[in-house]
Amino acid sequence: MSGCWLWRWQGLSAEGLPCRGEMIGRSRRDCGLRLVAQGNQPFRLRLYGWLPARYWQRRALIALTDRLASLLHAGLPLRESLALLASEYPRAGWRCLLAQLGADIERGLSLSRACAAWPQVFPPVWCAMLALGELTGRLDSCCAELAKSEARLWHLRQQVIRSLRYPLLVCLGAAGVMLLMLLVLLPAFARIYTDAGAPLPPTAALLLRTAAHGREYGLAYLAGGLALYGAWRRLCHYHPRWRGRLRAALLWLPLAGPLLRHHALHQLFQTLSMSHSAGIALDRALAVAARAVGHPRYRQALLRCRRDLRRGKALHQALAPAALFPAHCRWLIRSGELTGTLDEVLAQLAQCHGEQARQKAERLAQLAEPALLLLTGAMVCGLVVILYVPLLQLGEVFSQF
């Protein structure tokens, strides 16, 4: 589900004492059954609000993961750590979620399986890294590394957004000015030329016909565009194959493609480094890395590598058929396998591609801003020149009278 309801309840505890609380549920009946299963006797259950998917912000999840890593590193058990986080967090939805995770762990579920029940909150990489921490017995280290990696990715995304905010606002302002010129100034020039009995210049006439066509069919085009966008979103949501094709095509874009590839390789080698250094076999480590990598093409490539590894191939040989892995990765992995330093090689590759992803994001932010401003300036200047040509020719038109 993409969202859920927040409920507040009052009742009696299992000891017969008055109590109250908050909880997340799909319906009143679902919440009542869960409260009874916990030994409570609710006599009032009131709907408090709706929690959409955007309520679960990634920044809050990163902060909670980092705090959980600190508590686990200090020696506090997982159940008590979640209870402490739930008691001090200011937002009701997150408090209920943490309390629900603690209840699931108390019932015998692992943290990764409990988080997997909330896909709108925890992305697949979160569940995969938590499963890796449970598998290696280093849940605190995995949570700390996950929070650090996702915080770095979040800051890169915010950096790109901040760099594009000003030129996008300029583009919107320029689009408004161009629309005003097309709808107000150009028809005024056309009336002057019509009254004078002179023909409009070809470029101005073309723009005038375009503006008239837009006024007549603009709403229809807008409705059609929105309908196509909604159909595309629905197709990508209900057909993962189309979503995978779209994300695969993004890998080959001029600027965003290298950024996506370096980020996927960073996730991959970071997971493999942590798994292999903890003594997990490469076969199982590749399965964990396939869950942790967010891109479907890399996930499929890792599953093929895992099958080749089971047939007796070395890791660098299993990675060779996939064009998604650069040649230097295979060379370094081969040297690590020959010298017994595969842990260091994987950690070095993770650090290298993480740094490359940061540099690509900065370069994208630096290039996008002047490119958008240049495009906007060219559009406005072109339209102004087209409008000023009829203005300069007005003297010739009036000299005929």
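Backbone N, Cα and C atoms are what each Cβ position is placed from, and that goes for glycine too.
Keep in mind the model is a prediction, meaning the values are calculated, not measured.
Per TrEMBL, the features are as follows:
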DOMAIN    65-187  domain 'Type II secretion system protein GspF'
DOMAIN    269-390  domain 'Type II secretion system protein GspF'
TRANSMEM  166-190  transmembrane segment
TRANSMEM  217-235  transmembrane segment
TRANSMEM  371-391  transmembrane segment
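On the 0 to 100 pLDDT scale, the model's mean across the domain 'Type II secretion system protein GspF' (65-187) is 87. In the domain 'Type II secretion system protein GspF' (65-187), the DSSP tally of helix, strand and coil residues is 103 helix, 0 strand, 20 coil. Residue counts for the domain 'Type II secretion system protein GspF' (269-390) under DSSP, split into helix (H, G, I), strand (E, B) and coil, are 102 helix, 0 strand, 20 coil.
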